[in-house]
Structures are given as C-alpha cells and as structure tokens.
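Over in TrEMBL, the protein carries these features:
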TRANSMEM  73-97  transmembrane segment
TRANSMEM  103-125  transmembrane segment
TRANSMEM  146-173  transmembrane segment
TRANSMEM  185-205  transmembrane segment
TRANSMEM  212-235  transmembrane segment
TRANSMEM  255-273  transmembrane segment
TRANSMEM  294-325  transmembrane segment
TRANSMEM  345-368  transmembrane segment
TRANSMEM  394-413  transmembrane segment
TRANSMEM  419-436  transmembrane segment
TRANSMEM  448-465  transmembrane segment
TRANSMEM  471-488  transmembrane segment
C-alpha cells in the first residue's frame with residue numbers, strides 16, 4: 001500500500017490503523033500528529049520528513065552510543081558509586097540526623113535494604129527488557145500507560161529536586177572553600193552557577209561516560225575515607241557521649257520509630273542514583289550474574305561509607321550540631337573536618353564535595369533531558385522538546401528546559417529540607433513502580449525470588465508517606481496534575 005500524498009510505501013502499522021483494526025501503532029513508525037492528520041486522516045509515514053519533528057526523531061541516530069563491552073567489574077562498581085555518592089552523603093545524612101538524631105545510622109541501614117531490593121528489580125528489568133532504559137518504559141510495557149506516565153513524572157520530580165539540592169550544596173561548600181561571606185543570597189547565586197555550567201556543557205555536546213563516572217566515584221570514596229580516618233581521634237576522645245540517647249527522646253513529642261521511618265524515607269534517595277545506569281554498566285560486565293554482583297557491591301560500599309561518615313560526624317560534633325550546620329551552611333562535613341587534628345582536611349573535603357555534587361548535577365541534568373526526550377516521543381511531553389538539530393546530540397530544547405526547571409527550584413524553593421523531601425517522595429514512588437514492574441516479568445526472567453521485588457514494592461510505597469505530610473500531599477497533588485497534563489496532551493491531538 002502506498003501513501004496517496006508522497007507515493008511511498010506505508011508501514012504495516014499505518015495500514016492496520018487505517019483499516020480500523022485495534023493493532024496499536026509502533027513507536028518507531030506511527031506517531032500520530034495533527035500535521036499528518038491535516039494531510040490525510042491516517043497517513044503518518046516516517047518518509048514524510050521535511051521539517052516535521054517526528055520525522056527528525058524517527059530518522060535520527062540513537063541519542064547515546066553504546067560503550068564497548070569490556071569485563072570491568074571494578075570500573076562498573078566505581079561508575080555506580082559515581083552515580084550514587086553525592087548530595088546524599090554531603091547533605092542528606094545531616095538532614096536525616098536532624099530528624100532521627102544518632103538513630104540516623106539505623107535509618108541508613110533500613111534505606112539500604114529498600115535500595116538493594118529496588119536495585120535488583122532494576123537489574124532484572126534491564127536484563128529482561130534491554131530496549132528499555134527506565135521505569136517509565138518498563139511501566140508502559142509491563143503495567144499500563146498511567147503507571148508508566150506516573151513513573152516518568154515522578155522521575156522528573158525526584159531528579160530535578162535532587163539536582164537543585166546538589167546545586168545548593170555546591171554553593172554552600174564553595175562559600176566555605178573560597179571564604180566568601182555566608183548567606184542565602186550568595187549560596188543561591190553559586191547554586192545557579194552550578195546549574196548553568198553543566199547545562200552549558202550539555203548544550204555544547206559534552207556527555208557522561210563510564211570512565212569519568214568511575215573516576216569521580218573513586219575520588220569521592222578516597223576523600224570520604226580520608227574524612228573518616230582523620231576524625232577517628234576525636235571520635236575516640238568523645239566516646240559514646242554523642243550517641244546517648246540513641247533515639248529521639250519521647251519528651252520531644254515525636255515517636256522514636258516515627259523519626260527513624262521519616263529519616264529512612266529521606267535517606268533512600270541517597271541510594272537512588274544507581275538505578276538509571278544499568279544499561280551503561282551492563283555493557284561493561286560479562287553477564288547477568290555480574291550485573292547483580294555489581295549492584296550488591298556498589299550498594300554495600302555506599303552503605304559502609306554513609307555509616308562511617310555518619311558515625312564520625314555525629315561522634316565528633318553531635319547530631320544536633322551536625323543538623324544545624326547542614327541547615328545553616330549546607331557544608332556540614334567541611335566544617336566538622338576543620339576541627340580534626342589533620343590540617344587542611346576541611347579544604348580537601350570541600351573540594352571533594354564540590355567535584356562530586358557538580359558531577360551529580362551534570363549527571364542528573366543529562367538523565368532529565370533523556371527522560372524528557374523519551375516522554376516526548378510518546379507524546380507525554382511536547383514533541384518539540386525532542387527535536388534534534390544535529391545527529392547524536394541531545395535536543396537543545398530538552399536540555400534548556402530541564403536546566404530552567406532546576407534553576408527555578410533553586411531560586412523559588414531554595415530550602416534544602418523541602419527539596420530533599422520532595423526528591424525522596426518522587427524516588428520512592430518511582431521505586432515502587434520499578435518493583436511492581438519487576439513482578440510482572442515472566443518466571444524464567446525473574447532470576448531472583450519474587451519476594452525481593454515484593455519487599456521493595458511494599459517498603460518503598462510505605463516509606464513514601466513517612467515524609468512530612470505537606471510533602472506527600474504536594475507530591476500526590478503533582479501526580480494528579482501530571483495525569484491532567486497527560487490527558488490534555490493526548491486529548492488535544
């Protein structure tokens with residue numbers, strides 16, 4: 001069958017839709033647009049290229065080139081750590097200490113348990129559906145379009161709020177490193193620079209790579225290990241005085257376990273970064289078994305680091321002071337390190353934090369841009385955001401859009417606690433959909449007992465509602481707003 005306008009062959013999916021069957025069109029060949037409908041009620045051929053953005057998408061090369069397949073287990077682990085370790089350790093633990101006191105160490109362990117269940121679910125999905133790159137796509141394939149969309153929408157919320165938190169963290173650590181006057185205005189200004197610089201690099205065509213992620217992960221681990229070792233003398237001198245009482249006293253009016261669950265929800269997002277790089281890591285390791293091994297090792301190392309940093313920071317300054325420094329300066333570890341007997345440890349820690357969180361902002365902006373493109377291809381976002389101006393590049397509109405979104409959060413919200421809690425809610429809902437998608441895999445593709453994904457589903461959904469009520473109410477309102485957006489996008493076609 002030929003297109004009556006162009007005279008070119010019509011793909012089978014177009015023909016079945018034109019004949020009124022229920023066969024759904026494929027994403028590659030049939031993207032319904034009003035432009036095509038204006039020519040013919042059914043002709044949506046990819047051959048009708050010209051200036052149409054759909055044609056540019058369907059005829060362009062893949063956004064990211066595949067990495068060479070090398071059996072590099074250590075590099076894969078360090079790449080995972082480079083994606084994970086950032087604002088969570090340099091800021092998030094201090095926020096958690098303000099909620100649960102010394103019991104934040106217990107919250108780290110509980111958050112790690114939820115994260116490892118979700119990490120295994122992500123690994124199973126990446127192996128079972130190699131064409132997919134995110135829970136947004138897994139949700140569409142294994143669940144339904146509404147849960148798939150909610151996964152993408154919550155991804156945008158979690159990652160943009162986390163990027164804004166990291167940017168403000170860069171501002172806080174830079175203020176101390178450069179000895180600039182403190183204050184929210186200076187911190188916010190430097191935070192904006194921390195967003196604009198990675199956005200400019202992405203617009204210039206710079207990309208993330210596994211070696212760079214591994215390098216950043218290695219440097220960050222070395223800096224944090226140095227912080228822990230340098231703080232051991234003070235920890236030994238203080239003994240356990242800053243860990244008693246371990247739980248928040250009942251006299252504060254807050255249940256000890258409520259505070260622990262609240263802190264667990266907040267700290268889950270500190271482990272969430274590894275979930276989005278399974279595809280890159282997969283191509284650097286020998287086989288499926290190693291994918292689970294990389295997940296377990298990376299999460300284990302991150303958990304040990306977070307615990308060690310929390311113990312040294314609380315043992316040196318106390319949970320209350322740790323939380324206050326986080327809230328007022330956004331650079332708590334550097335200030336605590338200044339009190340260590342090793343000269344210059346505060347400056348080294350600040351440099352490591354700035355590097356890790358700048359990389360985190362770049363990494364998150366790239367992931368946000370890619371998600372925007374994927375959602376645009378399904379018409380869950382404006383299609384113009386996916387317009388490619390040159391091969392093998394990210395659409396400039398998507399990069400600029402997510403950069404403006406994160407910069408807006410830095411300026412309009414500007415509060416670390418609020419941004420981190422919003423990121424935690426979005427990450428937990430996203431994790432719940434990840435685990436639910438993994439439960440839909442065929443039995444022969446499960447590779448691990450279903451109880452792992454079940455535990456991940458129940459715990460992540462449960463924890464999502466242990467953040468502050470104002471946060472989860474706002475998050476639920478954003479979900480409803482997103483569904484209204486989706487309905488409007490598809491109704492208007």
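Easy rule for this one: first residue shown is 1, then count along the chain.
The backbone N, Cα and C atoms fix where each Cβ goes, and this holds for glycine too.
A quick note: this is a predicted structure, and the numbers were derived from the prediction, not measured.
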Any contact, the transmembrane segment (103-125) to the transmembrane segment (345-368), with at least 3 Cβ pairs under 8 A:
no
Between the transmembrane segment (419-436) and the transmembrane segment (294-325), are there at least three Cβ pairs closer than 8 Å, leaving out pairs fewer than 6 positions apart?
no
Relative to the transmembrane segment (345-368), which of 73-97, 146-173, 185-205, 212-235, 448-465 accounts for the most Cβ pairs at distances under 8 Å?
146-173
Is the number of Cβ-Cβ pairs under 8 Å between the transmembrane segment (448-465) and the transmembrane segment (255-273) three or more, considering only pairs separated by 6 or more positions?
yes
Any contact between the transmembrane segment (255-273) and the transmembrane segment (73-97)? By contact I mean 3+ C-beta pairs closer than 8 Å, pairs at least 6 apart along the chain.
yes
